[in-house]
Amino acid sequence: MGFSKDNFTGFILALLSSGFIGASFIIKKKGLKRAAAASGVRAGVGGYAYLLEPLWWTGMITMIVGEIANFVAYAFAPAVLVTPLGALSIIVSAVLAHFILKERLHSLGILGCVMCIAGSMVIVIHAPQERPITSVQEIWQKATQTSFLLYVASVIVLVSVLVFHFSPRYGHSNVLIFTGICSLMGSLSVMSVKALGTSLKLTFEGNNQLVYPETWFFMLVVLTCVITQMNYLNKALDTFNTAVVSPIYYVMFTTLTILASVIMFKDWEGQSGGSIVSEICGLIVVLSGTILLHATKDYDKSTRGTYAPLSPTLSTRLNNENGEMSKHDEDDMASSDDICLRRHELFEQV
């Protein structure tokens, strides 16, 4: 299938987004370290010297630019294309951390990067075309079709059960509880972001969509879902090892987002069976590469005994990175035997 102009625009924006976001974590981390060295107080234990550090603000601005590019990408290309490309930000972070922060990228980690790139290329080649949308009311019709309403109802029921029943009992012992809530809500937030982004795109083209209540409804859904994601992702990262949370969250979030997009926007309608299978295989390769990249970080820690803090990953976009630095410093003091044990079981960080 040919690569349309809108798909190409969304593809470029998604690449730029991954580059900016991946680089932003490294820049902010350098800024945090520089501020901690100057003040003697780390951000993770209550220090705010980083707010006076230009390098940290450079990283923050870079991340905002990346998120804006990601937001706009959804207005041009289907989520099946844009969402998996988020894995490239992990590669950017890992590579820059290797050269700038001197955090070793293991040979298997390089293989994981190659797998992510290869899988992304397969997805890009076989991605479905973005169907033209003329108004937010057209998106509303897609959002209120029976199949998608059933998906939304299923998400609400599952999230409610996880939040009110499983979270109080097993939230601090099972990593799937908090990450499941984040991923389920994330799939709805991306659909709303795409709807809102398309509305703003049409508005800037001269077709004002801000007069329709549906636009503001999608904005409300975005805010609600993002706040819920932030809350429970912070809980997950505060309770479990980042190397465990990151790949699980990315795999669940990406899979559910693509599922929601296929149901709501009928991304696979009109595509051949071969193209659909190719996209699924490409997605599996990307997810496998992401897991391998994180797994080799843990492997590298166990073989060296001590290690540099984990390089930031895609999942930590919504997390307070300042608190993560403190946890990484505490992890640095763990014994090599303890680190080996944590490769085989989930644990609750102190």
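Every residue gets a Cβ built from N, Cα and C, even glycine.
Lifted from TrEMBL, the feature list:
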- 6-27: transmembrane segment (TRANSMEM)
- 48-69: transmembrane segment (TRANSMEM)
- 75-101: transmembrane segment (TRANSMEM)
- 108-128: transmembrane segment (TRANSMEM)
- 148-166: transmembrane segment (TRANSMEM)
- 175-196: transmembrane segment (TRANSMEM)
- 216-233: transmembrane segment (TRANSMEM)
- 240-264: transmembrane segment (TRANSMEM)
- 276-295: transmembrane segment (TRANSMEM)
- 310-334: region 'Disordered' (REGION)
- 312-323: compositional bias 'Polar residues' (COMPBIAS)
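The stretch from 48-69, 75-101, 108-128, 148-166, 175-196 with the most CB pairs below 8 A to the transmembrane segment (276-295) is 108-128. Among 6-27, 48-69, 216-233, 240-264, 240-264 has the largest number of CB pairs under 8 A with the transmembrane segment (175-196). Ranked by number of Cβ pairs under 8 Å to the transmembrane segment (240-264), the listed stretches 48-69, 75-101, 108-128 are led by 75-101. In terms of C-beta pairs under 8 Å, the stretch of 48-69, 75-101, 108-128, 148-166, 216-233 lying closest in packing to the transmembrane segment (6-27) is 75-101. Residues of the same chain lying 6 or more positions beyond the ends of the transmembrane segment (148-166) and with a Cβ under 8 Å from any Cβ of it are 142, 174, 177, 180-181, 184-185, 187-188, 228, 259-260, 263-264.
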